[in-house]
Amino acid sequence: MRTHSFLTVLLWSSVFYVVHMTPSPKRTNKHSHSERITGLSENDGKTLHRTKRGWMWNQFFLLEEYTGPDTQYVGKLHTDQDKGDGNLKYILTGDGAGSLFIIDENTGDIHAAKKLDREEKSLYVLRAKAIDRKTGRQVEPESEFIIKIHDINDNEPKFTKDMYTASIPEMSGVGTSVIQVTATDADDANYGNSAKVVYSILQGQPYFSVDPETGIIKTALPDMSRENREQYQVVIQAKDMGGQMGGLSGTTTVNITLTDVNDNPPRFPQSSYQFSSPESAPPGTPLGRIKANDPDVGENAEIEYSISNGDGSDMFDIITDKDTQEGIITVKKHLDFENKVLYTLRVEASNTHPDPRFLQLGPFKDTALVKISVEDIDEPPVFSRPWYLIEVDEDAKEGSIIGQVVAQDPDIAKNAIKYSVDRHTDLDRIFNIHSGNGSLFLSKPLDREETPWHNITVIATEINNPKQSSQIPVFIRILDINDHAPEFANYYETFVCENAKAGQLIQTVSAIDKDQPPRGHKFFFELVPEFAVHPNFSVVDNKDNTAGIMTRRNGYSRSKMSTYLLPIIIFDNDYPIQSSTGTLTIRVCACDSRGNMQSCSAEALLLPAGLSTGALVAILLCIIILLVLVVLFTALKRQRKKEPLIISKDDVRDNIVTYNDEGGGEEDTQAFDIGTLRNPEAREESKLRRDVIPETIFQIRRTAPLWENIDVQDFIHRRLKENDLDPAAPPYDSLATYAYEGNDSIANSLSSLESLTTEGNQDYDYLSDWGPRFKKLADMYGGEDSDRD
């Protein structure tokens, strides 16, 4: 509700008075009011007259938001010079002059033409002056005055936010500050109570309260629980006029959330749980889940599970699922139904972040009983050891037992077990096993030097249930027996210089042995008994498994003896002692003065003395190159001689071999001897094929001799059959032709060669009767006209 009050504004005008002063050459204005010279005459010599007038303005006040039917009267301007005859004119200038404020230029009355709003503009500065209509001169100097707008309660309080959001921990004490709300009023705070705001709560009691002056919202009830109610909506009112009747008001909404604190311990929904597990479950297998409920949220609801006691604390474990806050019970060790059937656990659930303020509410943990029963299953056999190591001498006899493996059925039934060797691990079948008792024995001899270790796998299988089986690795180490004689470590190329001196070391030899004696190798070297005292060389044992070859005389001659053979016996010291004889070949060589070998061959003696080794190598290379060139030339020439008669670039399979041999006619009996076809014995034994270059000379297969006067057709069929069966025959797509004309022909011969032997002319008129195909022959031989032509 808005209340408007009116204040009468009075305009006072001062009384103008005239002050007479004597002339003065200089005018000095020492007064606060305006001065104006009213008249002056230099010729009459009269005294100057100065009139002093002043405006006396009071401050004008005007109510805002005027809603009356007429314009609002502000005040009146008046001067003593106004005689009421209408000679004076009042003029108003400044803020809003002519639009907001209008003046009656005759009377000086000022009115407000529009409704004013103090919140938009609270102060207007105007200037007024009075002018003589006739002369247009100011009768009063311009003066300034102020119109101030008086406030009315036309604005309600407004909050800085339409909606506030706040939170406070649950279980907070009474009077705990939640949030402060603020409302502002656009009215004038210095004028009345229009802008004085008071806060009150309209909704949210009895849980919260608000301070009427500061707007601070506080808790009003103790121990508010989030688990009972989490959200609250509070409505706050701000009212001006100090909260009195008729004041304007505004409201806002505050949403308050109770945040969680750890004020609730975890609780199991039931006191005991039952689970089961097969005895074959490997460690880490989950058996089940249990969960304790905690009404708190976030980290306040995080739970840690543990096994506090029980006879199964060593066999089982419990882990916490951080996502679901559940406890997962898992197998910790291998279970055995035959050993224990039932286990009991005491599981504890506790908060990981307890709040010390609420520890007096009780222990923040809970316990439950968990029973786990073990289920019996048919288990595979179990070996007495995780692996076996067996040592056997390499000279052990076939069939001898080298060790034993033992396995048994862990079930109550104690089923019988059979043993076998995994042949994938014993491909050579060196070992075998007794299926009843697991005894391992040899099937083949051993050789440590070939394979010092054997790793096999033994399988134990239940006889009643072959699906139940287990494997065990067996490592077999072959122990060494001194069954190999030592021998030279390398092949030695030993030489002695012709100018060598007696007692000179020419070679150091060493030995190796495939055996591995426990105390290491020890070798001895000596000459064979037949050469115990060798006239040219001696063997000196260095006692370090090496021996030195020494010369026994001065000087050696290649021309007399270019090579010496020195047999040496090598012994070992293991039992039984093994020995071997190695022959050392010693060549006699020419050396320089420092003992460096230059030549060891006897042929080098025939060469000039001045020919060096480099020259000999160069000569040898030249000889080799010449030999290579000769061989290549001979091979190329031989290849040219054996080129095939078919020189076409086309494939030989698409060609017919043609020899182009033309005979001399029927009387030419020397061109081809038909007897050759009838007598295969007359052909050349080593004649090669001429259609291809032979790569391999095949042994010509001799055929059975044909009898005299055999029919040629039969002969050709026999040859065709032999050709098909002969592996050295030409390719399948080569054409081998055996032509046979036959015994006789119905038509006589048309050869002109035979006609020379006839004494008279022959009659060829019958050719005309044979048709158009023989017309040309009939014209040629058919009459005398033809002969004359």
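The backbone N, Cα and C atoms fix where each Cβ goes, and this holds for glycine too.
Quick look at what TrEMBL lists:
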- 1-21: signal peptide (SIGNAL)
- 79-159: domain 'Cadherin' (DOMAIN)
- 160-268: domain 'Cadherin' (DOMAIN)
- 260-289: region 'Disordered' (REGION)
- 269-279: compositional bias 'Polar residues' (COMPBIAS)
- 269-383: domain 'Cadherin' (DOMAIN)
- 384-488: domain 'Cadherin' (DOMAIN)
- 488-605: domain 'Cadherin' (DOMAIN)
- 605-636: transmembrane segment (TRANSMEM)
Checklist outcome for this item: Per DSSP, the domain 'Cadherin' (488-605) contains 6 helix, 55 strand, 57 coil
Item to check | For the region 'Disordered' (260-289), the number of residues DSSP places in helix, strand and coil | outcome: 0 helix, 12 strand, 18 coil
Next on the checklist: I'd like to know the mean pLDDT over the domain 'Cadherin' (488-605).
Outcome noted: 87
